[in-house]
Amino acid sequence: MSNIKLIVGLANPGAEYAQTRHNAGAWYVHELARVCNVTLVPESKYYGLAARATLHGRDVRLLIPATFMNLSGKSVAALANFFRILPEEILVAHDELDIEPGVAKFKLGGGHGGHNGLKDIIAQMGNDKGFHRLRIGIGHPGDKNKVSGYVLGKAPASEQEKMDAAIDEAVRATEILFKQDMVKAMNRLHSFKAE
C-alpha cells in the first residue's frame with residue numbers, strides 16, 4: 001500500500017509554456033486527474049491548481065503549482081502544511097534531462113540535479129529531500145549551455161509521442177502503487193520504454 005497523499009506536477013504557468021518539455025510533470029498530473037475523473041481548479045491558498053482524487057479507495061491530493069518553476073516549493077509547502085502531509089508522503093513529477101524520451105522512473109529522495117523546481121521544494125520543505133519523484137525523460141540537448149532553451153522548447157512530434165506513452169504508463173504504474181506497493185509500481189514502470 002502506498003502512503004502517498006499528495007501528487008505534484010511541476011510546470012511553468014501560462015499557455016506559452018503549456019506544451020514545453022519543462023511541463024512534463026503537469027502533463028502527468030492532468031492525465032491522472034482525467035483517469036480519476038476529477039477537475040483541477042485554481043486554489044489561491046495553495047498557489048496552484050488542485051483537486052482531491054480517489055485511487056483504489058484512498059484519498060490523494062493533486063497539485064500543479066501556478067507559480068513559476070523556481071517558486072514551486074511555495075505551492076507544495078502551502079498545501080502540505082495545511083493538510084499535515086509529510087515529505088515522504090509526497091510524489092513530485094518532473095521533467096528529467098538524464099532520461100531519454102519514452103522512459104519514466106520513480107525515485108525516492110536525492111538532490112535536485114539542477115532542476116529549479118526540485119531545488120525550491122527542497123528549500124521550502126526545510127531542506128528535506130525525502131520526497132518521492134517521478135522522473136519523466138525528456139532527453140538532453142547534448143550541450144549544457146543549451147539546456148534552458150531546450151527545456152523551454154517544444155519536443156518534435158516523434159519525441160512527444162514517446163513522452164506521452166511514458167506518461168500513460170506512469171499513470172498505470174501509479175494505480176499499481178496505490179493498489180499494491182512501490183516495488184511493483186517500479187517493476188512495471190522501469191521495464192517500459194516507448195519505441
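Positions of Cβ are set from backbone N, Cα and C atoms, glycine also.
Lifted from Swiss-Prot, the feature list:
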ACT_SITE  His22  active site, proton acceptor
BINDING   Tyr17, Phe68, Asn70, Asn116  tRNA binding site
SITE      Asn12  site 'Discriminates between blocked and unblocked aminoacyl-tRNA'
SITE      Asp95  site 'Stabilizes the basic form of H active site to accept a proton'
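This view paints the features noted in Swiss-Prot onto the structure.
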| residue | record | CB count, 10 Å |
| --- | --- | --- |
| Asn12 | site 'Discriminates between blocked and unblocked aminoacyl-tRNA' | 21 |
| Tyr17 | tRNA binding site | 17 |
| His22 | active site, proton acceptor | 22 |
| Phe68 | tRNA binding site | 16 |
| Asn70 | tRNA binding site | 13 |
| Asp95 | site 'Stabilizes the basic form of H active site to accept a proton' | 26 |
| Asn116 | tRNA binding site | 17 |
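Neighbours of the tRNA site: apart from Tyr17, Phe68, Asn70, Asn116, residues of the same chain with C-beta atoms within 8 angstroms of the site's C-beta centroid are Asn12, His22, Thr67, Met69, Leu71, Ser72, Gly117. Following the DSSP three-state reduction, the secondary structure of Asn70 (tRNA binding site) is helix.
Between the C-alpha atoms of the residue listed as 'active site, proton acceptor' and Asp95 (site 'Stabilizes the basic form of H active site to accept a proton'), the distance comes to 6 Å. Across the structure, Tyr17 (tRNA binding site) and Asp95 (site 'Stabilizes the basic form of H active site to accept a proton') are spaced 13 Å apart at their Cα atoms.
Here is what falls inside 10 Å of the CA of Asn12 (site 'Discriminates between blocked and unblocked aminoacyl-tRNA') among the recorded positions Asn70, Asp95, Asn116: Asn70.
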